[in-house]
Amino acid sequence: MCGILAVFGVAEVSLAKRARIIELSRRLRHRGPDWSGIHCYQDCYLAHQRLAIVDPTSGDQPLYNEEKSVVVTVNGEIYNHEELKANLKSHNFQTASDCEVIAHLYEEYGEEFVDMLDGMFAFVLLDTRDKSFIAARDAIGICPLYMGWGLDGSVWFSSEMKALSDDCERFITFPPGHLYSSKTGSLRRWYNPPWFSESIPSTPYNPLLLRQSFEKAIIKRLMTDVPFGVLLSGGLDSSLVASVVSRHLAEAKVAAQWGNKLHTFCIGLKGSPDLRAAKEVADYLGTVHHELHFTVQEGIDALEEVIYHIETFDVTTIRASTPMFLMSRKIKSLGVKMVLSGEGSDEIFGGYLYFHKAPNKKEFHEETCRKIKALHLYDCLRANKSTSAWGVEARVPFLDKNFINVAMDIDPEWKMIRRDLGRIEKWVLRNAFDDEEKPYLPKHILYRQKEQFSDGVGYSWIDGLKDHANEHVSDSMMMNASFVYPENTPATKEAYYYRTIFEKFFPKNAARLTVPGGPSVACSTAKAVEWDATWSKNLDPSGRAALGVHDAAYEDTLEKSPASAKPVSDNGFSPALGESIVKTVASATAV
């Protein structure tokens with residue numbers, strides 16, 4: 001994962017300005033410690049800090065077309081670059097970098113090429129022939145990007161807020177799935193999938209299609225020239241990632257260079273739920289497993305550094321980012337530069353425990369759409385910045401464009417939690433990988449209930465954070481919180497404590513406005529809080545806040561649930577269960 005900084009239209013063109021751009025670009029060096037680059041053209045600057053994953057020897061940036069009239073600085077991975085290159089036969093490529101294709105696509109198609117890219121990315125491109133420029137961000141916002149404006153009329157783009165916050169009068173989070181063009185001076189959305197309208201789909205559930213789509217998403221993300229691994233918490237999502245990687249690693253190109261033994265990583269307080277479950281999955285899959293520990297005090301000691309890197313004061317994000325930040329440091333020390341992770345599944349399939357309270361399939365589906373659209377402010381931000389802080393790249397196969405389209409096209413009636421039918425949260429995903437002949441995972445792992453990462457690393461982690469905040473934030477400080485922080489006022493002492501740290505690093509109002517707010521329970525959106533009247537009195541983002549759901553775990557799932565006890569048939573589910581659900585869908589559709 002690299003760091004990019006681009007500035008256009010500065011009033012002062014001088015060596016001092018160039019030095020200032022280089023100085024600001026260094027603030028992103030943690031994202032790309034392998035090499036630095038800068039291109040200056042009149043009053044335009046494009047800087048890059050590189051983390052070399054593909055083509056480490058010749059893929060330094062910025063990158064160019066043949067005549068060097070098109071310059072591009074990119075953070076990301078383009079998984080279909082070989083296919084795209086094959087269709088650009090008249091172009092000569094100077095490197096083996098997957099990102100160079102962007103310059104040539106622009107030369108061939110102009111600004112209308114972004115939807116051709118299959119990957120995660122944030123890039124800025126300068127056409128020196130007319131001094132026009134564009135910037136774009138991937139569909140979901142896996143790669144971070146900010147946009148700012150200077151008092152001198154300059155326009156700025158940066159991977160992280162810290163590189164432009166001092167020099168810009170105003171800055172915003174660049175919206176996912178959008179492109180900015182200097183020719184129009186405006187943003188436009190290039191990503192327009194069917195689910196974005198939030199209309200209710202009616203496609204029947206096809207478990208084999210879902211499984212195949214996910215396996216393809218995994219395989220394309222094995223594109224690497226450096227050692228990699230999988231973040232394994234022992235929950236459903238990360239365990240499926242590890243299982244599928246294990247099945248396909250031997251046939252991937254990376255195996256010839258680095259071997260076909262998968263490395264997995266897990267972190268937690270000693271005795272935490274994640275550590276136990278992860279070890280069991282690792283033993284089952286035969287991976288080289290690295291179990292990492294941290295203490296509550298070590299996590300607390302890292303909080304300021306974590307908030308500086310992740311650039312948010314959102315409580316849930318900080319709780320989960322801290323162990324991920326600590327784990328990434330240890331992963332990098334082992335020589336690993338890229339990891340696959342399980343973010344996105346809960347948003348797509350309604351995996352958070354509060355989805356048990358969804359009143360109907362319409363509200364269920366609309367909430368999943370809202371959650372996916374907000375991922376760039378929460379889990380994508382956490383996964384990217386927590387790992388990039390130590391020069392590690394995180395790839396998220398659940399957020400593959402094609403996989404999202406397949407999963408979000410399923411009639412949401414199939415995703416609804418129906419205990420009477422033996423369907424727990426994310427049943428459609430669990431069932432798709434419930435293969436009796438060649439199991440992907442042990443049954444009880446495949447049907448393990450959801451644990452939020454900040455919970456799964458050890459429940460005392462969150463309790464320790466609350467106790468620490470209580471020691472530093474007084475009752476009188478909370479009483480005056482609305483006057484001190486009138487926007488997005490902290491509702492708890494923990495939130496207040498994080499806010500004070502954030503404000504120390506990012507004091508401008510523009511920085512505050514990049515952080516989302518509003519009521520939430522167990523990671524819900526504000527709209528979903530309305531599903532249960534009691535939730536408004538217990539606005540805690542922990543998964544434990546879904547009262548009556550997590551504690552009433554499905555002890556008898558394996559014995560009583562036909563969904564988990566019977567094998568997947570040719571159409572992906574047991575005939576009896578399939579028939580009962582078809583009737584349910586039919587009756588719901590008729591209504």
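Cβ atoms are placed via backbone N, Cα and C, with glycine included.
Keep in mind the model is a prediction, meaning the values are calculated, not measured.
Among the features that TrEMBL reports, domain 'Glutamine amidotransferase type-2' is placed at 2-185. The average pLDDT the prediction assigns to the domain 'Glutamine amidotransferase type-2' (2-185) is 96.
The annotation active site, for GATase activity is assigned in TrEMBL to C2. All protein chains shown were included, and the count of other CB atoms within 10 Å of the CB of C2 (active site, for GATase activity) stands at 28.
According to TrEMBL, the L-glutamine binding site annotation covers D98. Neighbour density for D98 (L-glutamine binding site): within 10 A of its CB lie 25 other CB atoms from the protein chains shown.
Residues annotated as ATP binding site in TrEMBL: L231, I267, S341, G342. Sequence-distant neighbours of L231 (ATP binding site) (same chain, 6+ residues apart, CB-CB distance under 8 A): S238, T264, F265, C266, M324, M327, V339, L340, S341, G342, A394.
Cβ environment of E343 (site 'Important for beta-aspartyl-AMP intermediate formation'): D237, L375, D379, C380, R382, A383, A394, V396, F398, L399 lie under 8 Å away, each six or more residues apart in the same chain. Residues or ranges marked as site 'Important for beta-aspartyl-AMP intermediate formation' in TrEMBL: E343.
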Where the record names L231, I267, S341, G342 as binding ATP, the maximum Cα to Cα distance in Å: 15
Among all the protein chains here, how many other CB atoms are within 10 A of the CB of S341 (ATP binding site)? 25
Inter-residue C-alpha distance, D98 (L-glutamine binding site) and I267 (ATP binding site) (nearest angstrom): 32
For the binding-site residues I267, G342, work out the Cβ neighbour count at 10 Å and name the residue with the minimum. G342
Can you tell me how far the Cα of C2 (active site, for GATase activity) sits from the Cα of I267 (ATP binding site), in Å? 24
